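Everything below concerns the one structure shown next.
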Amino acid sequence: MTDAAASGGPAPVVPALPEVLANVHVVALPMVTKFRGVTVREAAVFEGPHGWTEFSPFVEYGDAEASAWLAAALDYGWGPDATLLRPTVRVNATVPALAATEVPAVLARYPGARTAKVKVAEPGQTLEDDVARVAAVREVLGPEGRIRVDANALWNVDEAEHAIRALEGFDLEYVEQPVASVDELVEVRRRVERLGILIAADESVRKATDPLAVARAGAADVLIIKAQPLGGIRSALAIAAAAGLPCVVSSALDTSIGLAMGAQLAAALPTQDFDCGLGTAALFASDVTDAPLLPVDGAIPAARVTPSPELLERNAAPADRRAWWLKRITRCHALLSRG
Ligand SMILES: O=C(O)CCC(=O)C1=CC=C[C@@H](O)[C@@H]1C(=O)O
Ligand SMILES: [Mg+2]
């Protein structure tokens, strides 16, 4: 779990449990395409005095890791509002590890996006599949488009070097989490430095005990920061400031309520050199609001989202799943209360 306090972050805001549980809706949102093995995304959304907020750690995460996501939800609903420096945030298209033939249809879901993030290194697929997918994206975006790839730590150092060389001709903006550990990132970065390809760290920031270890080791050129896993907007801003590296805010496959939290984090960063991975409402067949944060002209607004009661009802998770989420919130709340 990320320790926000250890990185100089703000003390968590923890309202009493009955206040948190007073108005929890658990939803199960269908997706248009499988993404990181997920076809139905479960999330808990609830209302604090500052507006609607979201708690949606992936179901396989343990309580210690999930409690950082609860800290984020509570901070967004109960804590102070972030100071926003821009009203909208440019987003990238997110291309799951699909066949190259499916790429044009996926990109069409992100009107105006000039950047695409392409998933690679999917188990059961080959480097040829990745090359074909990236080629198809380059074909649609044209030479001016920006392409980044995300391996989710699934390569070893040699595989990463080999794959990056195979993909080099597509003019990559950066390679996200090619390998798992900070030491391996350092080595891959050293090996591809001469190619002028940047390395970004994602899991090494959001799943690390010390989210600043990457920056200290010089293991990446860019940090991927996510509001929920990093304990909230204020905590993520503190990590970004302490790291001193360019940051790309990305979604956690949140509903539009959580995406708005991410958009506010992005809008509060002092600089924004890269498009953000916050266009993922386009991967959902249904959301919690009639006005989901779908990209328009390649951007989404950095404004809070209020759900529609009809959609909360229509997308409500089954009773056993709702009970599971309420227990999870209760356990994570206990961990946060203990400090
Ligand atoms: O960054 C994007 O374009 C979209 C978000 C995204 O890729 C992710 C969201 C949720 C879980 C992660 O496996 C994944 C990522 O690795 O960045
Ligand atoms: Mg990633």
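Every residue, even glycine, has its Cβ placed from backbone N, Cα and C.
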Inset, instruction - Determine which of D150, D158, D210, D221 appears in TrEMBL for the same Mg(2+) site as E176, D202. - result: D150
Inset, instruction - Let me know the most crowded of the active-site residues, choosing from K119, K226 and counting other Cβ atoms within 10 Å. - result: K226
Legend entry - binding-site residues compared (E176, D202) - the one with the fewest other Cβ atoms within 10 Å: D202
Inset, instruction - Identify all same-chain residues not among D150, E176, D202 whose C-beta atom falls within 8 angstroms of the centroid of the Mg(2+) site's C-beta atoms; report them in sequence order. - result: K117, R148, V149, A151, N152, V175, Q177, A200, A201, E203, I224, S250
Legend entry - Contacting recorded positions, sequence order - K119, D202, K226 vs ligand 1, Cβ under 6 Å: D202
Inset, instruction - Pop the mean pLDDT for the domain 'Mandelate racemase/muconate lactonizing enzyme C-terminal' (100-195) in here, whole number is fine. - result: 97
